[in-house]
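Swiss-Prot has this to say about the protein:
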BINDING   41-48, 176-182, 201-205, 270-273, Ala327  GTP binding site
BINDING   Ser48, Thr182  Mg(2+) binding site
DOMAIN    33-355  domain 'G-alpha'
LIPID     Gly2  N-myristoyl glycine
LIPID     Cys3  S-palmitoyl cysteine
REGION    36-49  region 'G1 motif'
REGION    174-182  region 'G2 motif'
REGION    197-206  region 'G3 motif'
REGION    266-273  region 'G4 motif'
REGION    325-330  region 'G5 motif'
Amino acid sequence: MGCAVSTARDKEAIERSKNIDRALRAEGERAASEVKLLLLGAGESGKSTIVKQMKIIHDTGYSQEECEEYRRVVFSNTVQSLMVIIRAMGRLKIEFADPSRTDIARQFFTHASAADEGILLPEIVLLMKKLWADGGVQQSFARSREYQLNDSAGYYLNSLDRIAQPNYIPTQQDVLRTRVKTTGIIETHFSCKQLHFKLFDVGGQRSERKKWIHCFEGVTAIIFCVALSGYDLVLAEDEEMNRMIESLKLFDSICNSKWFVETSIILFLNKKDLFEEKIKRSPLTICFPEYTGTNTFEEAANYIRMKFENLNKRKDQKEIYTHLTCATDTNNVKFVFDAVTDVIIKNNLKQIGLF
């Protein structure tokens with residue numbers, strides 16, 4: 001009798017042990033398939049646009065209702081951009097090509113200030129179209145590197161006829177180009193190639209950086225965004241500091257940090273489309289006086305790439321995976337993120353000895 005009881009207890013113990021093993025294995029597999037990505041970079045480097053692309057590429061995208069919610073942001077971005085361009089004319093000593101536009105500008109500011117932000121009234125649109133067509137305004141816009149202007153300004157102002165329609169609903173591209181400063185930490189979840197991603201987007205402005213520490217533990221990889229087009233611009237929060245130099249300093253501190261000794265670093269040299277246009281008229285020596293190469297896209301972009309990759313002090317241990325990106329181009333981001341996912345899978349297999 002005692003032998004039978006003992007055998008039953010042994011079976012129960014063995015079954016309990018198997019259940020624990022199964023639970024541990026399942027937890028291990030779940031942990032192995034969970035990827036934490038920290039999205040870092042200086043302000044206005046395109047991080048939030050990358051997050052929006054993940055929703056478009058790996059989720060259901062933006063529903064019609066969600067797009068409608070962005071209408072106010074599109075209107076606000078468009079109106080504010082034109083205000084900034086016209087205000088800059090005074091500082092740049094640029095006159096309106098048509099003197100009558102001075103009064104139109106005054107009317108525009110009066111109407112825009114009185115109107116509810118995020119509403120585009122027909123009378124404001126009419127004034128905006130006249131101002132945007134003015135040669136002086138276009139001259140000020142062409143010199144936007146000399147002041148702070150959203151990258152999306154030209155895109156929205158050139159689309160005034162479309163976005164002013166009464167039944168206007170922002171497109172996915174319109175949503176991608178909206179600009180709202182990120183404060184705090186935005187967490188986004190999505191799946192790709194059997195991996196479950198948690199993407200953390202943190203505020204890029206200097207005042208936000210002290211909050212990053214909460215995301216550090218257990219991060220699989222860092223995506224560091226740099227605006228290639230920022231080489232001839234200064235920071236919004238410090239007009240003495242060149243944006244590219246600030247990005248280099250920040251990358252140096254992240255790449256060589258004790259927190260990230262084992263962490264893969266993926267470098268997105270972003271806004272390649274803006275850089276390709278800008279490098280034709282604005283030399284790289286503005287940022288790097290020692291540069292002796294040509295002001296062509298390939299040579300200038302490679303030089304910037306080298307400047308970042310050379311900051312890596314652990315080349316024997318840590319590889320920097322660099323990609324040229326255009327965050328507003330969904331196909332480009334999809335292609336690049338596929339490559340990023342493959343790197344993460346390879347590194348995961350290495351860690352468990354299968355690669």
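In case you wondered, yes, glycine gets a Cβ from its N, Cα and C as well.
Bear in mind that the values here come from a model prediction, so they are computed numbers and not experimental data.
Ser48 (Mg(2+) binding site) sits 12 Å from Asn270 (GTP binding site), taking the Cα positions as reference. Against the region 'G4 motif' (266-273), the recorded stretches 36-49, 174-182, 325-330 differ in Cβ pairs under 8 Å, and the greatest number is found for 325-330. For Ala327 (GTP binding site) paired with Thr182 (Mg(2+) binding site), the C-alpha to C-alpha distance reads 16 Å. For Thr182 (Mg(2+) binding site), the nearest neighbour among the binding-site residues Gly41, Ser45, Leu176, Val202, Asn270, judged by Cα separation, is Val202. Within its own chain, the region 'G5 motif' (325-330) is flanked in space by residues 46, 49-50, 53, 56-57, 172-173, 176-177, 225, 268-273, 336, which lie at least six positions past its ends and keep a Cβ under 8 Å from the stretch. Highest Cβ count within 10 Å among the binding-site residues Ser48, Thr182: Ser48. Same-chain residues at least 6 positions away in sequence with a Cβ under 8 Å from that of Val180 (GTP binding site) are, in sequence order, Ser48, Val73. For Leu176 (GTP binding site), other Cβ atoms within 10 Å of its Cβ number 25.
Of all the binding-site residues listed (Val202, Ala327), Val202 has the fewest other CB atoms within 10 A of its CB. Neighbours of Ser45 (GTP binding site), defined as other CB atoms within 10 A of its CB across all chains, total 28. Under the DSSP three-state reduction, Gly41 (GTP binding site) is assigned to strand. In the three-state DSSP reading, Thr182 (Mg(2+) binding site) counts as coil. Note on the region 'G5 motif' (325-330): DSSP counts are 1 helix, 0 strand, 5 coil.
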